[in-house]
Amino acid sequence: ELQVVTILLVLLICGVGIAGNAMVVLVVLRTKHMVTPTNCYLVSLAVADLIVLLAAGLPHISGGGSFYMPIYFLDFAVFYIIPLGLAIVLYGLIARILFVSPLPATPQRSCLGSTHRGGSLKLSCRGNKGALSSRKQVTKMLAVVVVLFALLWMPYRTLVVVNSFMDPPYLNMWFLLFCRMCIYLNSAINPIIYNLMSQKFRAAFRKLWRCEEKSAENPTPYTAPVYYSVTKDCSHDSSD
């Protein structure tokens, strides 16, 4: 029963996560306006999540021998506390840069302090509001990613700490399955967050999906553009 549930959940979560993270990488690499420092960071995060989903598993927790506590406290620090701290610092710096850097195409005067060329000024104000709204979306999205990382890794990390003091350790198979699914879910859920919270990612996902559908329905026929161009040039020269 446990094996059946494990297989079904792993297939579902890892399948969605692998497809979603692969789409994040493709969307950013194939869409010029999506190639930004923040999105490049998200691509590296998606690649890391792909590695987790493809290769990682929950380590076997055992209570024997005298090195258990230092090993697992080192594991707790290296793979949870340090990454979480780095994520908070880096995301904080990204948010600070987003809000401190000037908005694109911002006029020197205030939007409310001038009536000269009212139409173009309104467009500039709308553009500034759109850019500010986009920056707020990115900041919220990064905050959600950090919070989910902290929450979804918490059950396993709590189990590690608790088992460091318990003898015998707590090894309930269903709770271990829950911990494992939370870890996989952390690596699978980020593309869904990008799709829900970012209009640019949502539009780019749709465009990528439509392009894939069109290419599957209408395969590109074999053509010989070199011969066509030569013929065209020759006919053009003869008419001259």
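Placement of Cβ uses the backbone N, Cα and C atoms for every residue, glycine included.
Bear in mind that TrEMBL entries carry predicted annotations, made automatically and left uncurated.
What TrEMBL lists as domain 'G-protein coupled receptors family 1 profile' is 1-194. Sequence annotations record features per position, and here TrEMBL assigns transmembrane segment to 6-29, 41-61, 67-94, 138-154, 174-197.
Here the transmembrane segment (138-154) has long-range neighbours at 38, 45, 80, 83-84, 87-88, 91, 94-95, 98-99, 182-183, 185-186, 189-190, 193-194, 197-198, meaning same-chain residues at least 6 beyond its ends whose C-beta is under 8 angstroms from one of its own. Mean pLDDT, taken over the domain 'G-protein coupled receptors family 1 profile' (1-194), works out to 77 on the 0 to 100 scale.
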